[in-house]
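A.B. asks: Take this structure first; my questions come after.
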């Protein structure tokens, strides 16, 4: 019997693939988190009495250096003293932070402090940090899996998560950025009750600005994405949104302002309490970043490029960086928005996601600090947007090379430094730089991946790849009919095999006998191709027709198999001259129809033949099939088109047709 097919089954199948993706993503995330801890724990203080602590960089021979900013902050920023951040601290005239101040925005500092509670050693602090940070890795994995399906494997199963999960406090800020995209996807998706988007354009962007504002108070960069959101609202969202908006001809300045206000209020809620409780400590973090110079630890294009043109880290070098870095960042933002506006004028929708990614690429490229862990910032955009695979691969390979060399360089930057270390760092830095420059343009023009693209535009996403494969399997002829061996009187129909090619090529060696049938093989080579095509067609089941002596005398097939409607056709039939006019054809048709109607519960069996093939039409009529008419230009035939005569037997006709065929087989057997 054909399997049940209905809307609920399709939903269960789709849910099954989503569940599989989530399970795989969770397993990889857990493995990456465990490997991250195993890697970084080497830089903590050993528990054995008198043992030497190897931080910052671990052993010289480490393949993956164990350096982590977590250890630097624990030992160098007072986290071990459990001082509440910012409130009682500040910055000295020579740029040193004190009193619990860290050089990050307030939520990062608060998160560090919470991670340290109850920890008395750096190893305990690392363990606590894992417990605090890992949930964000899982949240990111879940959101990316729901928005991009299997592309989320780029997040969970590539080196960056393992290398940087416990390198710094990047996971909360990345989670905030991805959450903003998820809000946009949810708000734009179609409400199952109405078919319209769940939330209005304004409401969606206003709510999405909240996690972006939270992200700003973690690590700044998600706040950059508020500007593209404002421009998206200003232009009234997607093309479909404007069609339903009576004000579609005007720009929504008020809505854009509300988005900005949402982000500002969110930032104020997170920042103002610290400003009031300890303004000097709050401002010290900002002052530290403004005073920071582009030295070896910043690992930027300025250090590895401009420094050689200015004769080292000279006052001129620092002055140029202080001016050029923010200026070029602003230029990159402007270029990203300009390119996005051009896309809007061309396509009708402002590409806020692509512009956000392009702004981030510009920020990472021109900022005077480019830490390796920033790869976690941009990696979600490789997943969310349709970026060419080789760009992603190049970036990740360069990132791995950079991470495996930069900390060896920081451990020992001197004339004795190995050449491969210097080379690896430069390869990583400059490969990243070139790709980031290219991405400023590429991101803007990149479309979101599915199903995110469908969610954002309020359309129904196509099923996932495994679901589509399952659907194909469900329509496979063998899924309904199997691959039976049928016996009827003197002949046997068994599944056709490639090894039958030599015999099949001899069956129809006289081309004149098959002038109404195109594609009939006349030699072994063409028979191999013919059989291969038959076996790979999911809607066809080919048979070899074997006589009583075990000789292959022809072939026939079930084809156009439609399990959902319980219909099929019989055709692709040809026999050797010796088998023509004998019991072979009626016996074969009896076996095929008996199996179709009695075993498979088919309701309809169809035959097709050329309208001018009088002999074939007469033979089909003798089977008891009813002529149903002509199908004009039904199939290609010898460089043109053929008109097909269609015949059919339905299940109601089968008892009478069976008797007719049985009588013909018995009569032929008597003659022989």
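Even glycines carry a Cβ here, placed using N, Cα and C.
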A.B. asks: Under TrEMBL, which of the candidate ranges 56-78, 79-101, 102-124, 125-147 is annotated transmembrane segment?
C.D. replies: 125-147
A.B. asks: Which range is it, out of 323-341, 456-474, 475-493, that shows up in TrEMBL as transmembrane segment?
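C.D. replies: Feature transmembrane segment in TrEMBL: residues 323-341.
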A.B. asks: Would you please say which range out of 149-167, 168-186 has the annotation transmembrane segment in TrEMBL?
C.D. replies: 168-186
A.B. asks: Out of 125-147, 168-186, 255-276, 387-411, 423-446, which stretch touches the transmembrane segment (206-234) the most, going by CB pairs under 8 Å?
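C.D. replies: Looking only at 125-147, 168-186, 255-276, 387-411, 423-446, the most contacts with the transmembrane segment (206-234) come from 255-276.
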A.B. asks: Taking only the residues in the domain 'N-acetyltransferase' (491-646), give me the average pLDDT of this model.
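C.D. replies: Looking only at the domain 'N-acetyltransferase' (491-646), pLDDT averages out to 90.
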A.B. asks: Okay, the transmembrane segment (348-367) and the transmembrane segment (387-411): do they have at least three CB pairs under 8 Å, pairs separated by 6 or more?
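C.D. replies: In this chain the transmembrane segment (387-411) does not contact the transmembrane segment (348-367) - fewer than 3 Cβ pairs sit under 8 Å.
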A.B. asks: Going along the chain, which residues at least six beyond the ends of the transmembrane segment (323-341) come within the CB cut-off of under 8 Å?
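C.D. replies: Answer is 224, 227-228, 231, 294, 302, 306, 350-352, 354-355, 358-359, 361-363, 365-368, 440-441, 443-445.
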